[in-house]
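*Asks:* Copying in the features that Swiss-Prot gives for the protein in this structure:
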- E107: active site, proton acceptor (ACT_SITE)
- H104, H108, E205: Zn(2+) binding site (BINDING)
- C119-C556: disulfide bond (DISULFID)
- K759: N6-acetyllysine (MOD_RES)
- K770: N6-acetyllysine (MOD_RES)
- K883: N6-acetyllysine (MOD_RES)
- 806-833: region 'Disordered' (REGION)
- 1-15: transit peptide (TRANSIT)
Amino acid sequence: MWRFSGRRGLCAVQRLSCGRVHHRVWREKSDQACERALQYKVGEKIHGFTVNQVTPVPELFLTAVKLSHDNTGARYLHLAREDKNNLFSVQFRTTPMDSTGVPHVLEHTVLCGSQKYPCRDPFFKMLNRSLSTFMNAMTASDYTIYPFSTQNPKDFQNLLSVYLDATFFPCLRELDFWQEGWRLEHENPRDPQTPLIFKGVVFNEMKGAFTDNERIFSQHLQNKLLPDHTYSVVSGGDPLCIPELTWEQLKQFHATHYHPSNARFFTYGNFQLEGHLKQIHEEALSKFQRLEQSTAVPAQPHWDKPREFHITCGPDSLATETAKQTTVSVSFLLPDITDTFEAFTLSLLSSLLIAGPNSPFYKALIESGLGTDFSPDVGYNGYTREAYFSVGLQGIAEKDVKTVRELVDRTIEEVIEKGFEDDRIEALLHKIEIQTKHQSASFGLTLTSYIASCWNHDGDPVELLQIGSQLTRFRKCLKENPKFLQEKVEQYFKNNQHKLTLSMKPDDKYYEKQTQMETEKLEQKVNSLSPADKQQIYEKGLELQTQQSKHQDASCLPALKVSDIEPSMPFTKLDIGLAAGDIPVQYCPQPTNGMVYFRAFSSLNTLPEDLRPIVPLFCSVLTKLGCGILNYREQAQQIELKTGGMSVTPHVLPDDSQLDTYEQGVLFSSLCLERNLPDMMHLWSEIFNNPCFEEEEHFKVLVKMTAQELSNGISDSGHLYAALRASKTLTPSGDLQETFSGMDQVKVMKRIAEMTDIKPILRKLPRIKKYLLNCDNMRCSVNATPQQMPQAEKEVENFLRNVGRSKKERKPVRPHIVEKPTPSGPSGAAHVSGSQIVRKLVTDPTFKPCQMKTHFVLPFPVNYIGECVRTVPYADPDHASLKILARLMTAKFLHTEIREKGGAYGGGAKLTHSGIFTLYSYRDPNSIETLQSFGKAVDWAKSGKFTQQDIDEAKLSVFSTVDSPVAPSDKGMDHFLYGLSDEMKQAYREQLFAVNHDKLTSVSHKYLGIGKSTHGLAILGPENSKIAKDPSWIIK
């Protein structure tokens, strides 16, 4: 996977009762792993490693142990933390000097077989032989990293063995290079009369990646700001350069870069460090000697004057104004990221400059009305050896490029003169406090990503993690010098000659030109071939296809057994109280580390149909337009000072027992430090009772940003949009999902953003408020420590009494409403005490599914495809069989057909909670052929040509998802949102265990390929003459 983006924050944080609730005592979190790690002594020798440093990091509840390998110099960092989701990663500094994508192709190819595990594609096979909670590999601009995580010690050893052998002793077979990188092959490999074309997984992945104009801009920005070494090239590979890469170059790059002397090992969690060190030393490092490295990235020579560049990109067919599609940014080179305090300071400074409506650049650029949103890669980017800061606008007219540049310069001058308000600095420091306290389910992955760039350039990763000391030093600098930040702005922005202005505008013939250049490259390659070369290519193509079609013996790979899966799941204690009379509130006591997580769900049942399409917009702007006596700037300031964020999102929640029944509503979510709970709940009261809908100009700004974000997201999430569209006519909930989140919503927002007079839309917001922001059909939930629960009860009670109810009873718009209580009592939900939550579901007894085939013609060189089938709801025993079948079809058929043979970046099958079975592909050079592969996959499933071993592997893969760790903030959410008790989930678990060969073939025949009315199809991608001629397709 190619990764290209700026460094994110440490732990991105997006996000009196009738029956008195009885809270249970919660055992304090054990610090056993941290205490154990503190016993290590500096200089101690352990399995070929020497301990160099042992440092407690109390703010993150961990102990850091730094080691080095005696023979090879390999670096090692272990973060001991009482977290059972343990993680390993190995990282290599990879510094390509051309755009052939050699580190990216190598990342793919090393995972295709190794000395100890010579079977083809052990990486994908291990996805089905493990209970991993994460497995992947990523290529960044200057490093390649291979992480995995699991909660099972035996699984950790298995995966570690496979990862070590793959990275240090890969086979690197030529056929694997052909498959994963690039190859010349006949369009139909079995017919030498068909034309030769370029194929390959990475080749197609990068063609897809560069359909994203934001990515094109970000890539050029880095290449042109840092032009003198490795950052001047495309590490993932330029599709026009990838065909220059040879197999020999690939092997040479591995020999020079994938060596322990150039490696950084990282482990995290509560497993014993000694076991990791022993295995890594014995299976890999003991077989190497130290190698002098030559991979260091030199400092970029600084310019003596600013530079300007202009580039082109593809047209955006969903842009709100065709005359305003230009992007411009001004970027500044900053110091080395290994100066951790300077990097910390500049990262904070970047947030002060660009984050939220109170920031100087938001006021100067976003609110100027010149564009739709900030330019890509805005803010501080710490992924390269020297960081950079970038700011600008997208969606502007070409004539306004100079104006934007002048606004940037003027804003810098104003900041130097006026500085920042104390409240804004405090709000930012408060955000960091929340980020260090909030616990994610994949904290190890967050940490390895956070330290990767700094450590890659020999910075101190432990220093980077010591947020507390960085904050103390930052406060000290501010106290000693009130102009500390202004001087940084003057130093790094005003007086910095290493400054780049980059502008980009669409060219209607951009993709045509790209295709032409690819055609010329192809002709050049083909014309240089002798008849013997062509014959060899034909034979190699047949050989590759034979290899891909051959049954693979994976017996050499380690594997867990189904018996290694825990037979039962841990149950979560929940208490349901009634507040303000009869409003259910779910209390879930958890070790939340001093944080409180509040959620409220409000029904949309009474909302008139004409308002439904703009519910997502209402949700998006509700917390951004002001409330009560606060204008939108003051509201943003209070949200930042008192909470970790307040979000509002539309939700369509399918019923667990009826396909045509669902719950519709809006989820309000927020989090805060315990001390700020009264302030957070007061903010919610003001948002519910007194939201402001008068700020027309700011509303326009928010509409344009929302429309731009939706348009920009299509190239990254095209398969999700295709699946939503394909399921639109299969269930009533699918239709509403498409309205809220699919291409229908993208089109709605495009239309609204194009309106010259936006008042008619603004006037609809108070109407939605009237139906939604009341207690009529609401339920709430709180996740907090047991000690905090009495205070939380009191605050939620006050909130609900303040919000009140509608003055008159409103009837549901859709007449068929079913009241469904959540399970309770010893038989239904023994771990839930107190009252019940009663959900009001919409049902449509007259609904008839029908087939719809839609092709969204977009200017992309690749396709995103979804085929959906209506099956059964969650509680039906067949759902578990279909869940296993989806994984089985992905691993044993679709992966080979769509990725290996077809060259798509991804593809497979999945089953949603709502009973929609989806076949999909991602960044796919094919369309009709892929739909045919979907049909063959169904035939394969019906034939039952799979073994008990295949079924067991599919179960392991499904359980790795079912048992993935849940953060304390999210415990009990399945019960709160979907009405699923732990007993119901345990019953489903037992159904998964009980799936067998007969059940799998039975559900294949029963649901897949049985009739058009239960099928939907959608494709996002380029024009297609075959589809255009087929009247059964709707062309958009």
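One-based numbering along the chain as shown.
Cβ coordinates are placed from backbone N, Cα and C, and glycine is handled just like the others.
The structure displayed is predicted, hence computed values, not measured ones.
Can you tell me where each of these features sits in the structure?
*Replies:* Within 10 Å of the Cβ of E107 (active site, proton acceptor) there are 26 other Cβ atoms, across all protein chains.
Neighbour count (other Cβ atoms within 10 Å of the Cβ, all protein chains): 23 for H108 (Zn(2+) binding site). DSSP classifies H108 (Zn(2+) binding site) as helix under the three-state reduction.
The local packing around C556 (disulfide bond), expressed as other Cβ atoms within 10 Å of its Cβ over all shown chains, amounts to 13. In three-state terms derived from DSSP, C556 (disulfide bond) belongs to neither a helical nor a strand segment and is classed as coil.
Other C-beta atoms found within 10 angstroms of the C-beta of K759 (N6-acetyllysine) number 10, with every protein chain shown included.
The Cβ neighbour count for K770 (N6-acetyllysine), using a 10 Å radius over every protein chain in view, is 15.
Taking a C-beta cut-off of under 8 angstroms and a sequence separation of 6 or more, K883 (N6-acetyllysine) has the following same-chain neighbours: L911, V958, L992. Under the three-state DSSP scheme, K883 (N6-acetyllysine) falls in the helix class.
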*Asks:* Output the one of H104, C119, E205 that, of all these recorded positions, has the highest number of other Cβ atoms within 10 Å of its Cβ.
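*Replies:* Its Cβ has the most other Cβ atoms within 10 Å: H104.
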*Asks:* For C119 (disulfide bond), name the DSSP secondary structure in the helix/strand/coil scheme.
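*Replies:* In three-state terms, C119 (disulfide bond) counts as coil.
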*Asks:* Among H104, E107, E205, C556, K759, these being the recorded positions, pick the one whose CA is nearest to that of K770 (N6-acetyllysine).
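*Replies:* Looking at Cα distances from K770 (N6-acetyllysine), the smallest one goes to K759.
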